[in-house]
Amino acid sequence: MANDFLFTSESVSEGHPDKVADQISDAILDAIFREDPRSRVAAETLTNTGLVVLAGEITTNAHVDYIQVARDTIKRIGYDNTDYGIDYKGCAVLVAYDKQSNDIAQGVDHASDDHLNTGAGDQGLMFGYACDETPELMPAPIYYAHRLVERQAQLRKDGRLPFLRPDAKSQVTMRYVDGKPHSIDTVVLSTQHHPDQSETATRMKASFIEAVIEEIIKPVLPKEWLQETKYLINPTGRFVIGGPQGDCGLTGRKIIVDTYGGACPHGGGAFSGKDPTKVDRSAAYAARYVAKNIVAAGLARQCQIQVSYAIGVARPINVTVYTEGTGVIPDEKIAALVQEHFDLRPKGIIQMLDLLRPIYEKTAAYGHFGREEPEFTWEKTDKAAALRAAAGL
């Protein structure tokens, strides 16, 4: 990639229909884990106007009121009015869960007498990434796209911008100079609003646009990056119908939003609703943990990790490190350090990151990575010092 370029990432709010589905799926996973952390869960959710469908495969000894969990999640997000097209009190909730396939279970449960050699729950490839563009070691475009929709929700919920509704999308286009963030070229923010905020079908009131720019955007983005920034606020002019009424929502449809905003490849596996025996989730978290510690150790300015697995086999097929020429030692040597300092077998990951806990609903909006939440063990940099010492730095 050229040293001077534009790069764009997007995020969506907790009220976006796909994110509503993700949060319900992870709320159900958490509810199950509170009673039975050894459960096997693959909880999928569909949301539409006045309707939630819960389906998937769950094997558990827990007794969970799935319908109530879905309603509570919808209420927390803010869909508490029939005018929004879905209301936690009155929406229909259909439940159609089955148990995990015995064919899968035998590969995961009985791969070895050594529990650390328990096999992966599926084949697949996963990526982790970190870079020095932000203190959180995340790419700047996705990091700030998340913060914009997070602030939209905050101002909606605390009443400072009471005309906002739950659905919103953000997009940040960053200008890079010499390969580093230089300024923000364009910010797009589309936020659902009450009908009386629309002047016409094609034009928003100036006061609404000003409020969004001054109260949501400018407090979030670094002032020095807002040089000649273009602001596109509700470009269609009207955003009243949104959430599950505006679009059908599905679990696992925002995988780029959930990860790095397109700054690195994605293996294709979604996260929400999956217990950590599913390497789609746990190995992606571990790969972020590895990449972040490598950058925090000063071994590279940016780092991409790829891991891959076969179903029923514990050890990854490959662990590949790519630093795009920013590494202070060869990538092959960094990869050898990864093998030495991180246990990337599924059970090893679960132990290393303490993943058999009800911590997942919080991950399901505003990004799984780059957030300093105490539950997000994959964001720790506790291996950085050991990596640096082992590299001889």
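Cβ from N, Cα, C; glycine included.
Source: prediction; values computed, not measured.
Over in Swiss-Prot, the protein carries these features:
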BINDING   HIS16, ASP167, ALA168, LYS169, ARG238, PHE239, ASP247, ARG253, LYS254, ALA270, LYS274  ATP binding site
BINDING   ASP18  Mg(2+) binding site
BINDING   GLU44  K(+) binding site
BINDING   GLU57, GLN100, ASP247, LYS278  L-methionine binding site
REGION    100-110  region 'Flexible loop'
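Sequence-distant neighbours of ASP247 (ATP binding site) (same chain, six or more apart, CB under 8 Å from its CB) are PRO17, ASP18, listed in sequence order.
When the binding-site residues GLU57, GLN100, ALA168, LYS274 are screened for a Cα within 10 A of the Cα of the residue listed as 'K(+) binding site', the ones that qualify are GLU57, LYS274.
Across the structure, LYS254 (ATP binding site) and GLN100 (L-methionine binding site) place their CA atoms 24 angstrom apart.
Nearest by CA distance to LYS278 (L-methionine binding site), out of the binding-site residues HIS16, ALA168, ARG238, is HIS16. Using a 10 Å Cβ-Cβ cutoff, LYS254 (ATP binding site) registers 24 neighbours.
For the pair LYS274 (ATP binding site) and GLN100 (L-methionine binding site), the C-alpha distance works out to 12 angstrom.
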